[in-house]
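Data block below; observations after.
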Amino acid sequence: MDRTLIQEILEVVEQAAIASAHLTGLGKKDEADAAAVEAMRKRMGQIQMQGRIVIGEGERDEAPMLYIGEEVGSGSGPGVDFAVDPCEGTNLCANNQRGSMAVLAASDRGGLFNAPDFYMKKLAAPPSAKGKVDIRKSATENINILSQCLGLAVSELTIVVMDRARHKGLISEIRATGARVQPISDGDVQAAIACGFAGTGTHCLMGIGAAPEGVISAAAMRALGGHFQGQLVYDPAIAQTSEWADYTKEGNIARLNEMGITDVDKIYEAEELASGKNVVFAGSGITDGLLFHGVKFEPDCTRTSSLVISTLDNTARFTNTVHIKDGAKSIALS
């Protein structure tokens with residue numbers, strides 16, 4: 001991987017974001033996702049690389065494009081593995097709510113954990129708390145550690161939690177410490193990454209979300225030097241989701257074993273979920289969010305706001321791009 005490839009990866013998420021943004025607020029989440037998938041795959045196909053999707057839209061028989069194992073790119077050049085979520089927060093996009101984005105993680109071949117389509121308990125925190133907070137500890141313990149690491153009173157901390165029934169006890173425990181809870185309906189990738197930047201007002205992500213998105217979050221947090229841990233959730237009683245209504249704990253363990261995951265209780269560090277020598281995170285806002293603005297359509301241009309984080313040169317680049325339309329007469333400065 002090199003800087004030219006990183007620039008092209010940025011353009012991949014920009015094009016996906018623009019495609020979804022045309023459907024923002026129309027209540028068409030599936031169509032918005034499909035548009036992002038098509039745009040992402042098209043741009044990937046123009047890159048000189050031997051790309052492979054390791055986390056995507058589903059298994060080959062479940063998804064027409066960007067399925068797990070699909071080869072993308074020109075077929076020549078460096079081998080690159082991708083974990084993609086072309087429209088993270090499809091409901092947010094459909095309802096024109098904050099936090100939807102096109103996002104991916106990339107690494108050298110074999111550098112990303114091929115997470116199963118399971119749930120994952122997650123803990124994300126700032127670099128100053130790395131290795132000090134721990135997913136094995138209670139929320140109360142971790143909040144007190146965060147307070148010490150950040151030099152903030154517990155009452156000044158904001159903890160992001162997915163607004164799900166399974167988190168009722170977690171939310172109660174957090175509030176009992178005096179810390180503030182920020183519930184979100186979808187899109188925990190952006191919330192996790194926001195923990196890695198000072199000034200976002202987001203200090204920690206706790207709770208259970210999707211495992212594939214956990215790998216993307218881990219890639220970003222590894223590159224930022226932030227804290228991220230994940231642990232697969234296989235017990236339907238803990239996940240508390242209608243999607244697993246017909247699943248059993250024993251059946252889920254068997255599924256994981258079939259995938260080669262024998263230590264089903266393993267706690268994964270960011271460096272294990274994104275283990276490659278070169279790791280890149282790229283995200284582009286579809287709607288406004290914690291880290292960047294959404295796509296803005298203007299008469300003569302389209303504006304995107306994006307973030308690329310890379311271990312290649314240890315940088316986090318916030319990029320505002322003006323995509324000039326044919327025949328443009330006047331481009332406003334901002």
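The backbone N, Cα and C atoms fix where each Cβ goes, glycine too.
Swiss-Prot lists ASP85, GLU88 as binding Mn(2+) 2, and of GLU173, GLU213, GLU243, GLU250 the one it places in that same site is GLU213. Of the residues TYR67, TYR119, Swiss-Prot puts just one in the substrate site with GLU88, GLY89, THR90, ARG164, ALA165, ARG166, ASP186, GLY187, ASP188: TYR119. For GLU213 (Mn(2+) 2 binding site), the same-chain residues 6+ apart in sequence whose C-beta sits under 8 angstroms from its C-beta are ASP85, GLU88, ASP188, VAL189. Restricting the binding-site residues ARG164, ARG166, GLY187 to those with a CA within 10 Å of the CA of ASP33 (Mn(2+) 1 binding site) leaves an empty set. Between the C-alpha atoms of THR90 (substrate binding site) and GLU57 (Mn(2+) 1 binding site), the distance comes to 13 Å. Taking the Cβ of GLU57 (Mn(2+) 1 binding site) as reference, residues of its chain lying under 8 Å away and at least six apart in sequence are, in sequence order, VAL37, ALA63, MET65, LEU66, TYR67, VAL84, PRO86. The Mn(2+) 2 site is set by ASP85, GLU88, GLU213; from the centre of their CB atoms, other residues of the chain with a CB within 8 Å are GLY89, VAL103, GLY187, VAL189, ALA210, PRO212, ILE216. When the Cα positions of GLU88, GLY89, THR90, TYR119, ARG164, ALA165, ARG166, ASP186, GLY187, ASP188 are compared pair by pair, the longest gap among these substrate-binding residues is 21 Å.
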